[in-house]
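First the structure, in the form of structure tokens, and then the observations on it.
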Amino acid sequence: MASTATCTRFTDEYQLFEELGKGAFSVVRRCMKITTGQEYAAKIINTKKLSARDHQKLEREARICRLLKHPNIVRLHDSISEEGFHYLVFDLVTGGELFEDIVAREYYSEADASHCIQQILESVNHCHLNGIVHRDLKPENLLLASKSKGAAVKLADFGLAIEVQGEQQAWFGFAGTPGYLSPEVLRKDPYGKPVDMWACGVILYILLVGYPPFWDEDQHRLYQQIKAGAYDFPSPEWDTVTPEAKDLINKMLTINPAKRITASEALKHPWICQRSTVASMMHRQETVDCLKKFNARRKLKGAILTTMLATRNFSAAKSLLKKPDGVKESTESSNTTIEDEDVKARKQEIIKVTEQLIEAINNGDFEAYTKICDPGLTSFEPEALGNLVEGMDFHRFYFENALSKSNKPIHTIILNPHVHLVGDDAACIAYIRLTQYMDGTGMPKTMQSEETRVWHRRDGKWQNVHFHRSGSPTVPINA
């Protein structure tokens, strides 16, 4: 008879110690593998509290972390599911945040900044070669392996990371951290690997002067700055920065993602690969002083958010391999990871694609209609007299014989749209459709129908797989 015993491998093999960080559904604790004495950081997720979508995200994070093996990336050593909990066993990184270490140094130069960004670029390049986009590159996720001098920079927190095919650009949702978001994400355009390079540009700018290129307490104004690429190199602090460093920043902060420098190209830039002869060795005390203020502002706003989170269930709050004070920040700062806005943006996306589909119908554009619909589209509609219709032939008849031949103006609006998101790649929308048209006598008329549409995303594109319409037929009968 098959054993139904619950897995207790983590409990059997590891000993837990103090807490290192905390999120809404997870806690990070130091642990030790009993057989070897080797220390790790265990991210312990309470799976009883996770939604189906959160489960998918956890599986994605574990899958991505298992794939990435690089000296500049926090390594996942084990992933164990037990009753009610999932354990992700990572490298124990004890050096804290890179930015906190820099301000404690007695000497810090452009050459040091070059060495830091080189390690970050190595980690990003490894991600991109493996089809992974991090999406949340920022100081909080740049850690040091140990307190030793010259310890490696480690990229952490793959909670928002996504898997992409080659140079695929698609809309993967609104996610990231405000001050580090790329113009294409803010425009809600398809995006891919270049978003990480934009964030690298923001990080490099801060590494050189201690403050960010884009900053405003008002998030809308901040986003306008980013979309316009409105940054500069003000005097006097930038006067002592070499032209090569500024050139690399300009190549990273290029608005057009197709023209933005890639990680592999950036690693070949003279300021990186010829550091000893190109980057300045002058100590940058002003940068260290500014960076102290920048860090203090991040920590203060983090403390405010922690207080806010204590009073509500906030699933986006998460902590991975952070120092106890490495907390997230309030939404008006530029350092808060945002993914809840992703839900709002995705719902808006479903409304937009539904409007595009209706526009194709109004225009009698069967080609545009077929691009938005799944070839096996199923439907219940008044024209089919209660029968389930499958495929496109039934609809083709109306496009060829009624819709395309109607040259009278038709105007449609969607009222009270309600969108239900079903996981990452499916959604359902219900709405009332009002269609205005001119009848045969030149009189304005209005038709109303109630519609529900089911959408499925394949290869980054939404397709209508089913709809149910009651009320008036689509085509004005006496038009």
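Quick reminder: no glycine exception, Cβ is built from N, Cα and C everywhere.
The active site, proton acceptor annotation in Swiss-Prot covers Asp136, and the record cites sequence analysis as its basis. The ATP binding site annotation in Swiss-Prot covers Leu20, Gly21, Lys22, Gly23, Ala24, Phe25, Ser26, Val27, Val28, Lys43. The domain 'Protein kinase' annotation in Swiss-Prot covers 14-272, and the record cites sequence analysis as its basis. Summarising the annotation, Swiss-Prot assigns phosphothreonine to Thr287, Thr337. Positions annotated as phosphoserine by Swiss-Prot, on the basis of similarity to another entry: Ser315, Ser319.
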Can you tell me the CA-to-CA distance separating Val28 (ATP binding site) and Asp136 (active site, proton acceptor), as a whole number of Å?
19
Expressed to the nearest Å, what is the distance separating Lys22 (ATP binding site) and Thr287 (phosphothreonine) at their Cα atoms?
31
Tell me the Cβ neighbour count for Lys22 (ATP binding site), meaning other Cβ atoms within 10 Å of its Cβ, over all protein chains shown.
18
Would you kindly give the Cα-Cα distance separating Asp136 (active site, proton acceptor) and Leu20 (ATP binding site), rounded to the nearest Å?
21
When you measure from the Cβ of Asp136 (active site, proton acceptor), how many other Cβ atoms are you left with inside 10 Å?
24
Show which residues of the chain containing Thr287 (phosphothreonine), separated from it by at least 6 in sequence, have their CB under 8 Å from its CB.
Tyr108, Leu207, Leu208, Val209, Gly210, Glu237
C-alpha spacing of Ser26 (ATP binding site) relative to Asp136 (active site, proton acceptor), in angstrom:
19
Please give the average pLDDT for the domain 'Protein kinase' (14-272) in this predicted model.
93
